[in-house]
């Protein structure tokens, strides 16, 4: 109900037992200002000995909501007074017909609760005037917010919240996204997200027990992040316990997600994990498989298993028993594959537990289940088991004391070596399974992991694991088998001499113009790349120029070629290298005739040019006694000619693609001769010339002209 003004209180009489109000004209010294306390509600009691019809009745109580933050200083300084009963009739006595209307006027002045929406990461967004703000920082009781479109649109909108107050600092450079905001609000109203886990089904507007739950004051409509649904066995069965848990869960909603007690939300369903073929773990959530990405503290980050296959961007974060899914999936869950993995997990656990001995019914039914082949191709799911002969050999190794059956002898004769392996040209091994070739990746204990040989070339994701004589294939191939290449490897395996190619005297090598070595094999030239132990690795000489990917490996006198060439051999260049090899004077200059001294010319920057056959070379580098030169027109004309000098010897590597610049060479030679002519002149004459060149015109008139000085100098 409205309070009387201070001016009206001065003229009214006070209640017995209170000090009289000061008279008009008297100075009133207010008390020291105090920090106003925040009261959610003020209760005003009116004492009256009359009932509704004037007969005595109990005092009535009227609840009025006041926000002391919005009140003025006069209201805060004044004291709430209770008027005497005699004067209450027309002033203080509330109208019983409309108590709610008078209270609503005060409610309108009170600040409304701020609206918050949850983010997929468990945070919250502030909603002000249909704009979304994300939290930037918090200093004391102030929370600073910036526009959600700050990074995308460069919006500089800012807001500061303090309690229930919100202050907007800067305007926005864009219109509010009404549709996106409404979509977020609709998402907030989903029944599955209304309450945290462990509270059973949502109960609508009425709480447990039929009571209407009042909304929490000062708490926006943001909920906790998505939680896993509780199992039916964990739902509370007694209604009394549900009535006790519901208010506590509602009170937890007023806390930020990081400060909510996990114990207060009840126990969650344990997470489901499945083992990967590499010994890792898959997270199973809503029939989707997630593979582990990283762990930060107690949080583990997961990505969808089909991220690379379908480009799915779904992510999940686990913290203890809580799961938060960040984005939705762009595909349907693979129910058949998930069920196959679950069966495989159960079978492996049963076999490892060893509850039933070998040869029992369970062992017969689950034999080889750990080698299930899970094919993720476009066709239906196929589950196959290894051949009985492989299992029989494992039993022979594990139980050597048991007698062997005749059929087991036949199986061993049919497959005496287990899985088929072929040697690679580098000395490694290929696994052959169903006409597909697998390259060894790593070994962990008794297990050896293999990848498809065409993984890099065709992006095949098929994997295989061998454990003893057992083979487990993880994924199907995206290509048909290379029967021709497989047959070539088998033929090479049968004829080892073909792998040890080369002449009886060893491989042929030719010296490079720079002093290195070329490997010659089948008229192709290979450049040395690196050496590892006894093996030397070579690459095709035309790799950079023609993109040839052929490789060769030499080990002693053995030569192994990895890939074919994409070009014919350069017979002319090979013959030129062989001719140079036969004439050592071209490379070493060991002729008995005296060597002619090399010609050098100075550059304008103080360097040197090498002159050879009227061509100019610029110095590139020096290594020991050798100096390497490149053609001066390399940048201008793209000439690739090179030269090497060692003492007075010179060796040219490549020919020039242009004619020599005779005019430029002659100009450089003339410039080389000019300083010698100038040095032969009189030094005093040179100094006088330089002095007169730098003198002012007035000085030149006094001392004469430059020509006169030259004449005088010549006459002297």
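Backbone N, Cα and C define each Cβ position, glycine as well.
Keep in mind that what you see is a predicted model, and the values were worked out from it rather than measured.
Annotated features in Swiss-Prot:
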type	residues	note
COMPBIAS	195-204	compositional bias 'Low complexity'
CROSSLNK	134	SUMO2 cross-link
CROSSLNK	393	SUMO2 cross-link
CROSSLNK	685	SUMO2 cross-link
MOD_RES	21	phosphoserine
MOD_RES	261	phosphoserine
MOD_RES	371	phosphoserine
MOD_RES	503	phosphoserine
MOD_RES	591	phosphoserine
MOD_RES	696	phosphoserine
REGION	1-35	region 'Disordered'
REGION	191-231	region 'Disordered'
REGION	377-421	region 'Disordered'
ZN_FING	116-174	zinc finger
ZN_FING	273-331	zinc finger
ZN_FING	421-479	zinc finger
ZN_FING	509-567	zinc finger
ZN_FING	600-658	zinc finger
Summarise the zinc finger (421-479) as counts of helix, strand and coil residues per DSSP.
4 helix, 32 strand, 23 coil
If you average pLDDT over the zinc finger (509-567), what do you get?
87
DSSP three-state assignment (helix, strand or coil) for residue 134 (SUMO2 cross-link):
strand
